[in-house]
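As structure tokens, the structure follows; a few thoughts come after it.
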């Protein structure tokens, strides 16, 4: 059985424009996130837990976009936009796994900020490199486990013969529209898996920031409060952008699915969020700006020599 993607433009001019737009966005995603990872590795001052998590987030997001964006680019120019049942299941499994890992890494980053602000004296003892590595590995393994459970369940359901997916890639809501079995149990099972992957890490982030806010408000120094909030502002911006899109897409009933609206939202969290994250973290962080400036200057100097 094969699925056909129906969301791609049929007009040749629109196809070329779409290809160029997505290619530019993908180039910015890869270059921005690679620059963050290289800068963190090159600058000794940035080899601390906060930047280790930031580098891990950039790595996850590069893999996350690589699962679907090259496929979108190829389909934009191809006349036949089909995918096999196994190919669709594989794409969905990796997309959901890495997307879930992204959410859990953001939760680990919130925990890091909580320890740094609420328990500054114990911070070097609690947030060791071993703990950071374990948190990142646990995020990826948990995302993979949830994804495999969800995808195995979805693709065990009967699909209708007319396999037209109103989307750019194999995502959960459009694929669920092709399921012939009309059961609230199926919908509820998918909703539970989405809740574990999205709502649970968001609850952990919200709890961390509740403790952070309580600690910051008790500070007598205005400069101390400003410094504490400034270290969290970039992370909060990314969290709101990422979780807002994911909650809209996955934490809702199947009956509220709207193809055109959902296609736009999916492009936001597939291309927009990974492209904006490097900008958000560098524009609001003087240390990252200095490190990236050094890397770029060093590369320019080596090329001129």
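For all residues, glycine too, the Cβ spot is worked out from N, Cα and C.
If you look up TrEMBL, you'll see 16-38 (among others) marked as transmembrane segment.
Taken from TrEMBL, the feature domain 'G-protein coupled receptors family 1 profile' applies to 32-281.
A Cβ distance under 8 Å defines the sequence-distant neighbours of the transmembrane segment (50-72), meaning residues of its chain 6+ beyond its ends; these are 22, 26, 29-30, 33-34, 36-37, 40-41, 91, 94-95, 98-99, 101-102, 105-106, 108-109, 112-113, 116, 129, 132, 135-136, 139-140, 168-169, 231, 270-271, 273-274, 277-278, 281, 288. The transmembrane segment annotation in TrEMBL covers 50-72 (among others).
Taken from TrEMBL, the feature transmembrane segment covers 92-111 (among others).
Under the heading transmembrane segment, TrEMBL lists 123-148 (among others).
Look at TrEMBL and you will find 191-217 (among others) tagged as transmembrane segment.
Residues or ranges marked as transmembrane segment by TrEMBL: 229-251 (among others).
Summarising the annotation, TrEMBL assigns transmembrane segment to 263-283 (among others).
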Counting Cβ pairs under 8 Å to the transmembrane segment (16-38), which of 92-111, 123-148, 191-217, 229-251, 263-283 comes out on top?
-> 263-283
